[in-house]
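Now, the feature entries from TrEMBL:
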type: DOMAIN; residues: 99-564; note: domain 'Major facilitator superfamily (MFS) profile'
type: TRANSMEM; residues: 142-164; note: transmembrane segment
type: TRANSMEM; residues: 176-193; note: transmembrane segment
type: TRANSMEM; residues: 238-260; note: transmembrane segment
type: TRANSMEM; residues: 272-293; note: transmembrane segment
type: TRANSMEM; residues: 368-393; note: transmembrane segment
type: TRANSMEM; residues: 413-434; note: transmembrane segment
type: TRANSMEM; residues: 441-461; note: transmembrane segment
type: TRANSMEM; residues: 473-495; note: transmembrane segment
type: TRANSMEM; residues: 507-527; note: transmembrane segment
type: TRANSMEM; residues: 539-560; note: transmembrane segment
Amino acid sequence: MDVMECRIILQILDRGVLDHVDDDELPGRVESFIGENRIPVTYEVLLKGARMIKHEDLARSGRSLSEKQRSIPGLTQADLDLLKTEGHWRHQPLTLYMTVALASVAAIVQGWDQTGTNGANLQWPKEFISGYKATDLTGQNALIVGLVNAAPYIVIAVLACWISDPLNHWLGRRKTIWIGALLSLIAPIASAFTRRWPQLLGCRFLLGAGMGLKEVTVPILSAEIAPPEIRGALVMSWQICTAAGIFLGSIANLVAIEFVPDHPDQRHSNIWRYQLGSAFIPAVPLLFGIFYCPESPRWLIRKNRPREAYFSLLRLRGQRRELLAARDLYYIHEELSSNPEGGSTIEDTFGRFKELFVGKKRVRRATVAASTAMIAQQLCGINILAFYSSTLFSNLLHPEAADENDPDLRTPLYLTLGFGAANFLFAWPAFFIIDRFGRRVLLLSTFPLMFIFLLTAGLCVEIKDASIKTKVVTTMIILFAASYSPGVGPIAFTYSAEVFPMSHREIGMSWAVAMNNLFAAALSLSFPSINQKFSHHGAGAMEFFAGLNLLSWILVFLFVPETCLRTLENISLVFAIETTKHMQHQIFKVTPWFWKKVTFRDPGPCPLFYQKDIVQSMELRPVEQLL
């Protein structure tokens, strides 16, 4: 039997990035790395960091300092204290938080645009579409309204996601985000001055290009600069800021109604112009602030700029924690050096795209998992409410007045504000639980709640008493948003940003974001017609999406493995195991365990997918076939 055929998955799971390097060989490799790249760190510090990588389990174990010093000479108690606190929130430098926060301001544009359009939907169609009636969205009217709402997401899925890969390769994370911010500044302002719906559609296409560049790049940047212990929480700041944008956009909608002088004829109102145009505001600080943030050290090393990568890591890990910066620098260098795909060039873009589906099994499994998480986020129905909640509330409250020249605009927008507030406030708990309980657990626990609340909202639309109906349906929709926010809301993008290897990270994230926005566009485009066919003022549509929440739960249960508390590099080990093995484990081991749990029997601890007995039971095969 060939030696390669004797490497089983268990060996992969136990393999470190420096396991193939002897202790005697390591000093020479470190000295060569410093000399060739003029790294401004002492040889002793970098060698100590390299030895901490090689003997990580020992360094983090409870053994005495003297025992650890035998394998890691020069290790001090201060170094061990540094290891213990490196993943704690209060020990991170301000630069790390500022970088993630400023980059995630890009998400505010997304959320603000959703609610800006949400409010504007009550008025702009009356000005641009001849014979428009809100209660008769059929044929061409439904197509135009749906197309204008879906336009940014069509562009993201078809164009922006894919140009982000070469732009990230050529320009890096910061410059790509800056280009997206510039487009996101121009498009909303131009939208406010349109005179026909095709012009508005063009502005929406331009906005989609900017949104797509940021939507792909920001989660990648956040994932690449964050320590693994808090990576999930920091990457999910994208969702926090999206929710904040929805909330702020809802406030802007109400401000426009209260303070913008209106036209006596609602068909020529200017309120909707301010609602759409206000989305430029969050793009301003992003446009001017992004270059104050450090560039991704992983991108810099891949571009053969390790000296700059060290300075970036020093800012991200703390000026007084150069040992951590040196260790992470050498870790990334060795990982990318040992992975021949890690330095893939732009000429390989189409080849890497093909490998998302065929050839590289590890990459294909990540593609399946990320696509499932992204599609599930759209199937749950959250963006339908984000796009059309004002219209739904208006039809629910005053179905007979929806087409009048002077409809009640305030009440639907105040209810939408409540929806946005719940979405924003309940996203914060995910900061503290996403890395404690894991991505998968939060997904599986929140989808059933969303199913219950959305189904109840749909059923309660049939209540005859208008006052009771409004209160119950609104409460259920707000509870639905509260369930979404700590679950699939932050996890879809967090998960997709971390599951792909460095060589396929941009193209993989591009695919995942394309799937997310393709489904968002399809739902946004088709919802006016769907809602009209189901009728009953949104009841059938809400019940329909409630059913899709159950479908999403099944997809996550079968196709989304856990990635919590793993470094970006060794997440590859999770996807070394076949997807079918994961499905079999969930069906034949986890399901019986859960049944015993809910029937009040003692099933013991939940069987873990990555236990060694599962790994050892797998067929021997070459490593290349697994990865």
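Placement of Cβ uses the backbone N, Cα and C atoms for every residue, glycine included.
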### Task
Pop the mean pLDDT for the domain 'Major facilitator superfamily (MFS) profile' (99-564) in here, whole number is fine.
85
### Intrachain neighbours beyond the transmembrane segment (272-293), with Cβ under 8 angstroms and 6 or more residues off its ends
95, 98-99, 102-103, 105-106, 108-109, 112-113, 116-117, 119-120, 122-124, 127, 174, 177-178, 181-182, 184-189, 191-193, 207, 210, 245, 248-249, 252-253, 256, 260
### Query
Any residues 6+ beyond the ends of the transmembrane segment (473-495) with a Cβ under 8 Å from its own?
215, 219, 223, 231-232, 235-236, 238-240, 242-243, 369-370, 373-374, 376-377, 380-382, 385, 389, 393, 396, 415, 418-419, 422-427, 429-430, 433-434, 439, 442-443, 445-447, 449-450, 453-454, 456-457, 460-461, 513, 516, 552, 560, 563
